[in-house]
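Since the structure comes first, as structure tokens, the remarks are kept for the end.
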Amino acid sequence: MKFTRSSLLVAGALASMAIGAHANTVDRIVVKLKASPMMRSMNAEDLGQTLKEAAQGKAQHSFTMADGESHVLQLPKGLSGAELNAYLQKLQASGQFEAVEADVWMYPMGVTQPTDSLWNSLWGMQQVVPGSSYGADFIGAWEFATGEGIVVGVVDTGSVPHADLGQLSPYSGNYVSAGYTFISDCYRAATCDWTTGSRTIKPIPSGLDQGDWCTSSDVSNQICQRTGSSSFHGSHVAGTIAALGYNGVGVIGGAYNARILPVRALGKGGGSAVDIADAIRWAAGVHPSIPNPNPAKVINMSLGGGSSTCPSFYQSAINDASNAGAIVVVAAGNENQDASKVSPANCANVITVAATGKAGEKASYSNFGSKVTLAAPGGNGNTRITSTVNLSADRVDLSANGAGYKGMNGTSMATPHVAAAVALMLSANPKLKYNDVVSLLRQSATAFPTSGGCSTSNCGSGILNAAAAVRLAKQSAGDNTEPNPTPTPVITPTPTPPVVTPTPAPVITPTPAPVTGCHAAWLEGKTFAAGDLVTYAGRNYRATSTHTAHIGANWNPKSTPTLWQDIGACTGGNATPAPTSSPVITPKPTATPVITPAPTLAPTLAPTAAPSASPSCPAWSASTIYTAGQCVSFNGQTFAAKWWTRGEQPGAAQWGPWAPQANAAVKRK
């Protein structure tokens, strides 16, 4: 990322805003020499030498700005704080400069820090600070989308009126409707008609959380396993997804302009899978007898129970919702066991979410395994996720005093982070389908820290990075081009005779290694593992820790010595771009390919590799982890993985991880 070439020059004085304005180090300054006839007559070489001497040998002249008078000087190393201020003041005191300033780092003006009073405690929403805090970077995502136009169904304990959510009756704020209750046992729903002694459920066209507190009598009657106060779990989940934002109050939701559809399927002691299945269909707008005029595009299910297989009626409801266009996001579970033993985490057509703590570590309670799609901030120990609740213990306090906030831990808290990110992705690109969303979430995830118990083998593809995911969704909108596509090689015919002696078909060889002495060029937006080698600004660097170079963060190797070790100059030539996993077509050195002219003047040649270059690729398996370049066969066709993937069917997603191959010689598993 380059510094901007704009800087406000104030004659005769240092601009106090510019000095130390950038939190990172500054490696360029802007100066303006005092005007004189001698200065106006200098050639470029003399000017450069004069500037170097005036800068006391610490800077080289880089270029002259468009005004012809302001000169950019490159410092040999980055300066910050007191050291930077002292150097600039020393240059100003020399009397040779009309103005001296640091190059000012600029940011997009579209996103400002939320005014919500609890923002500083919402670490799960904030940016990644490698080695310290692994938030999901929602503030970066809001540059592209805020969730407008997307309804998120929360199948849970229901929800409550809250200043940071809105009212339920009549509904307002970020509630799209009052919702519905699907608990078929009136004891669990706390809605039995005690005047008649009936245990028949009252129809409740509302998702109001009646409370799920449990008394000793409830335990004796086997309604609950233990006594406890109401959790108002559904309201907590709803707040993480779509609490009102920039209102100066409480928290902010990851998709703060999305709308919440409260669906009550859990009551005292939990809820039945049968009720939850009906709730799923209603949330998606496909319930056969109860209309829902506001079907959800995203359904959050921060719930689960022990079941080694996904019940067929449960899977059927999820399939119906998915076929209706809803993306279903579910919790992996809190038993510290393989998520394959828990439903709906082990169901198909869902996004299964594990939980991480603030430092990116696996949360001690979080389930894990091959069913997990990715992880997200869920809290661990004392680093909880704060969101909206009702403060009553054994009733619903509908007064203004009843609304409050509470910190909780769980995969239940991680799941709404992902649901909010999906809402943003769909807001940015409504055409995305389930497979597309899964692919983009996996592709954009932040790499796990090297220690902490999570890896791609047990916690999914990484930690949710909402900014990167929404950016890819935005890039994919409006056309059929995959995000960050790998260039397709084109062979341009020469003007020599159009027919030449045919030779054997070209073979497909891997992308050549970088030039000796230099490494792949550092790229912004890429995730680097500890030990990775890159070249930047003519120098070679080694990554000291795994991290993602987020766009706009200025985490280039030169500016971040805590992330990169300088290992010397690049002496073997120019740095090459990072090699891609896709093969390139290289003719044999002694062979000349046949060029068949097309009707136009600029034909291209797309040769087919010889059968001998095509290894036998193993059949694709949903449970196998594939890395970039590995090949599989599926439905009679060969595919090569473009990046890390597991469980994603080749050819299923428009922007998925698999590239169709024509007898390509790609890496086998």
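Note that the numbers count up from 1, one per residue, in the order the chain is shown.
Keep in mind that glycine also has a Cβ here, set from the backbone N, Cα and C atoms.
For 1-23, the entry in TrEMBL reads signal peptide.
Positions annotated as active site, charge relay system by TrEMBL: D156 (among others). Neighbour list (D156 (active site, charge relay system), Cβ cut-off 8 Å, at least 6 residues apart, same chain): H233, G234, V237, A238, P262, V263, R264, A265, L266, N300, M301, S302, L303. DSSP classifies D156 (active site, charge relay system) as strand under the three-state reduction.
Summarising the annotation, TrEMBL assigns active site, charge relay system to H233 (among others). Summarising the environment of H233 (active site, charge relay system), the number of other Cβ atoms within 10 Å of its Cβ, over all protein chains shown, is 23.
The Cβ neighbour count for S412 (active site, charge relay system), using a 10 Å radius over every protein chain in view, is 28. Annotation note: S412 (active site, charge relay system) sits in a helical segment as assigned by DSSP. Annotation comment: TrEMBL describes S412 (among others) as active site, charge relay system.
According to TrEMBL, the region 'Disordered' annotation covers 474-497.
The compositional bias 'Pro residues' annotation in TrEMBL covers 484-497.
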